[in-house]
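Please read the structure below before turning to the comments.
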Amino acid sequence: MLRLHWLALLVLLLPMAAAQLRPEPELDAQWDLWKRTIQKAVQRQGGRNVPEVDLGEEPEVHRCPQRGARLGKHSFQLAMNYLGDMTSEEVVRTMTGLRVPRSRPRPNGTLYVPDWSSRAPAAVDWRRKGYVTPVKDQGQCGSCWAFSSVGALEGQLKRRTGKLLSLSPQNLVYCVSNNNGCGGGYMTNAFEYVRLNRGIDSEDAYPYIGQDESCMYSPTGKAAKCRGYREIPEDNEKALKRAVARIGPVSVGIDASLPSFQFYSRGVYYDTGCNPENINHAVLAVGYGAQKGTKHWIIKNSWGTEWGNKGYVLLARNMKQTCGIANLASFPKM
């Protein structure tokens, strides 16, 4: 099974379109990175079930041709990373964790109503305004929902108090009874917990360990409160754009099940295989803009800085709901 996975990965990363010539030093660097990644995979496997990979030829990571080619050009790049020894199924099973409740009643007043009276800015990046804490790593715990929720809470805390502070995803993993800890959860359940609990601890007071244990919330470590939440109208990227522009970072859900997402490196991500109806991973929309004419969302992931572009991915915007970006979006009220 692992051997088949590696063969599929080689096919994905080897040339799939006309090759673009690169200087020898860059090829050497790519080859060295490939070998180091293979060695790291061997170490992580403990010498067991190591895939049989022929390293006799130098695999070059090329620009990824988009299925359907709707962008009209190759818009993003793939690269080997620390997830190289995992299948896409393993990544989804152990490193996502968005679980949408079967019944999602929407209490009165929780639907976000955008203000259409004025134009939204052409581009927004809340990182530059100091609303976004450093990229975190959820590890092999299905706690993406907690990191997404915490990121949105951190942005609203900055907006309300002027102070940026890392809040505790572990507080949510342990204590949100309507969710399932490392087994998965949903962002609005987390916001509602913080409201009813009258607070959430800081990361310093309640550090992340990525395991399920009993709730150890302490009011002495409380760093933020929440008075409710708002949900963005589904399948409405224009409404999501307004929310990100006027409110701050917004919790969103996407499909993160494809190998192209697993090995994303840079550029604007777009893959027609990304299914808007298969949302399995919670992330944080921290802005939007355009790169070389291609509109995108700025997405903060929780897979550490060694994934993607220092932990971030640019996701195609206004391309028929890329990966379901606007289907499960929400933010807390403070």
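Keep in mind that glycine also has a Cβ here, set from the backbone N, Cα and C atoms.
Note that the coordinates shown come from a computational prediction; the quantities given were computed from them, not determined experimentally.
The signal peptide annotation in Swiss-Prot covers 1-19.
According to DSSP, Asn108 (N-linked glycosylation site) sits in a coil region rather than a helix or strand. According to Swiss-Prot, the N-linked glycosylation site annotation covers Asn108, on the basis of sequence analysis.
Marked as disulfide bond by Swiss-Prot: Cys141-Cys182 (among others). Sequence-distant contacts (6 or more apart, same chain, Cβ under 8 Å) of Cys182 (disulfide bond) comprise Gly97, Cys141, Gly142, Ser143, Val173, Gly210, Gln211, Asp212.
Proximity of Cys144 (active site) to non-local residues of its own chain (separation of 6 or more, Cβ distance below 8 Å) is seen for Met95, Thr96, Gly97, Leu98, Gln138, His281, Ala282, Val283, Ser302, given in sequence order. The active site feature in Swiss-Prot is assigned to Cys144 (among others).
When secondary structure is read from DSSP and collapsed to three states, Cys215 (disulfide bond) falls in the coil class. The disulfide bond annotation in Swiss-Prot covers Cys175-Cys215 (among others).
Among the features that Swiss-Prot reports, disulfide bond is placed at Cys274-Cys323 (among others), with the record citing similarity to another entry. Under a cutoff of 8 A between CB atoms, and with a sequence separation of 6+ in the same chain, the neighbours of Cys323 (disulfide bond) are Ile254, Asp255, Ala256, Phe261, Cys274, Asn275, Pro276, Ile279, Leu315. In the three-state DSSP scheme, Cys323 (disulfide bond) is classed as helix.
The active site annotation in Swiss-Prot covers His281 (among others).
Per Swiss-Prot, active site is recorded for Asn301 (among others), and the stated evidence type is similarity to another entry. The Cβ of Asn301 (active site) has Val135, Val283, Trp307, Gly308, Gly311, Tyr312, Val313 as same-chain neighbours under 8 Å, each 6 or more residues away in sequence.
His281 (active site) falls within a strand when secondary structure is assigned with DSSP. Under the DSSP three-state reduction, Asn301 (active site) is assigned to coil, being neither helix nor strand. Asn108 (N-linked glycosylation site) sits 25 Å from Cys175 (disulfide bond), taking the CA atoms of both as reference points.
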